[in-house]
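Note sheet for the following structure.
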Amino acid sequence: MDNVPFERLDRYTYRIPRHGKMWVDAVFYANDEILAQLEAEGYASLKQLVNVATLPGIVGPALAMPDIHWGYGFPIGGVAAFDPTAGGVVSPGGVGFDINCGVRLLTTRLTREDLEPRKTRLADALYRRVPAGVGSARRDVRWSPKDLKTVLREGARALVAQGFGEAADLERIESGGRLPLADPDRVSARALERGGPQLGTLGSGNHFLEVQYVDEVYDPEAAEAYGLWVGQVTVLIHTGSRGLGHQVCQDYVERFLQAARRYGIELVDRQLAAAPIESPEGQDYLHAMAAAANFAFANRQLITHNVRLAFEDAGFLPRDHQLRVLYDLAHNNAKFEEYAGRRVLVHRKGATRAFGPGAPDVPPAFRTVGQPVLVPGDMGRYSFVLAGTPGAMTRTFGSSCHGAGRQMSRHKAKKAARKRNLIAELEAQGILVRAASRATVDEEMPEAYKDVASVVDVVHGAGIGKKVARLRPLIVVKG
DNA sequence: ATGTTC
């Protein structure tokens, strides 16, 4: 049934007026190309957005960013806020399986030319230092159960305290690299078991580690505040909470199906399983989710440490590379934030926090331009750095897009890539690939993704993000 | 995303 009624509000903004069991309107951002894609999928992801608007205690519109696509329960690219004092709910499907999956951008003082003679050495060193692939694990560092729980409680700072990284790194992570509330005792033994050996690993799927260069600057003032300049080498890390977060999500999805029934929450889709924020179940999930989120921050911190070692393996001294964290931000979590004097729980699933100038938790250096918003594209084209805007604060609960979004299923991509040699094609374009599995490279081929430039143009045009710079890949490490 | 069907 292709019957999602929507109307155009302005060039890039569309509204699905409240109807049926919806408590509020839904709003999404798109251009003609994205609209055509939504139609081609029978509006499956917009229907998911409509479903989100039926959950109790939702505040303001249910929102979707222009990289919206179908997900578990909630659409990926979805943003939804709930009022804890008005029966508002929390839903594991509104956060996603990869809890606190996110992106961290490192800057260097190296130019593309500095890198060129050592590019192969660096690619090999990164692949050696950062385990990638399904079930990837580290053998060099063992975390005792006690130390692992400290990581879940303290996040990235627990890693810095052990010598993995620098104190300055922590100032450049969303929420200081630690979500409050984290309680490892509400994480199952099975989740802890899965997570232990995986701290400091990349994983598989769309996760990656990329060495890039700044190709173009659109906003010189913001670029200067961020310390970005044309020709500069950067490193982008995309990974999350690995098997630990996945297990936490699975544990609570099962429990929340029963909880929803107990609290009389009508679910138009079982995958929306939810519990009141203030219920024991809701509280348990929020505390466990925060612990998994801290694991993800710590994961990106340990990878950062190993990226620094890899640059040194390749012959760059610390004073030459000067690897610094520009920013680390997540796109799969639920956080308490305040809008128009109201404290709400904002679910972001495949959506990025994009706080504008003057907002809380934005590092002092970025306070006048807004927080950096990192938007990875695909491994052949480019990624973008945006800045948070006042428009995002008033219209999208301080949120923006998180990536390009697929336009081809994994299966279809694999089939299309079968008769090609993606790794050789990318190398011919100057992009070195080191991957644990050819199948993953095939699934992740550039054509499998929408052009992220189109997504970013919608965000920029709608005023919920501002283009700052574009990054082009030089080395790609994949699972 | 995921010890990719504990």
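Keep in mind that glycine also has a Cβ here, set from the backbone N, Cα and C atoms.
Where the annotation comes from TrEMBL, it is an automatic prediction and has not been curated.
Some features that TrEMBL has for this protein:
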| type | residues | note |
| --- | --- | --- |
| BINDING | A:D98, A:H207 | Mn(2+) 1 binding site |
| BINDING | A:206-210, A:331-332, A:376-379, A:S383, A:402-405, A:K478 | GMP binding site |
| BINDING | A:H238, A:H331 | Mn(2+) 2 binding site |
| ACT_SITE | A:H402 | active site, GMP-histidine intermediate |
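The CA atom of A:H238 (Mn(2+) 2 binding site) is located 12 Å away from the CA atom of A:D378 (GMP binding site). A gap of 13 Å separates the Cα atoms of A:G405 (GMP binding site) and A:H331 (Mn(2+) 2 binding site). Listed in sequence order, the binding-site residues near A:H402 (GMP binding site) (C-alpha within 10 Å of its C-alpha) are A:H331, out of A:D98, A:H207, A:H331. A separation of roughly 11 Å, to the nearest angstrom, links the Cα atoms of A:D378 (GMP binding site) and A:H207 (Mn(2+) 1 binding site). Between the C-alpha atoms of A:H331 (Mn(2+) 2 binding site) and A:D98 (Mn(2+) 1 binding site), the distance comes to 9 Å. Every protein chain considered, the tally of other Cβ atoms within 10 Å of the Cβ of A:N206 (GMP binding site) stands at 23. Residue environment of A:D98 (Mn(2+) 1 binding site) contains 26 other Cβ atoms, counted within 10 Å of its Cβ in all protein chains. For the pair A:L209 (GMP binding site) and A:D98 (Mn(2+) 1 binding site), the C-alpha distance works out to 17 angstrom. In sequence order, A:A132, A:H238, A:T239, A:G240, A:K478, A:G479 are the residues of the chain that are 6 or more apart from A:H207 (Mn(2+) 1 binding site) and have a CB within less than 8 Å of its CB. Rounded to a whole number, the C-alpha distance linking A:N332 (GMP binding site) with A:D98 (Mn(2+) 1 binding site) is 7 angstrom.
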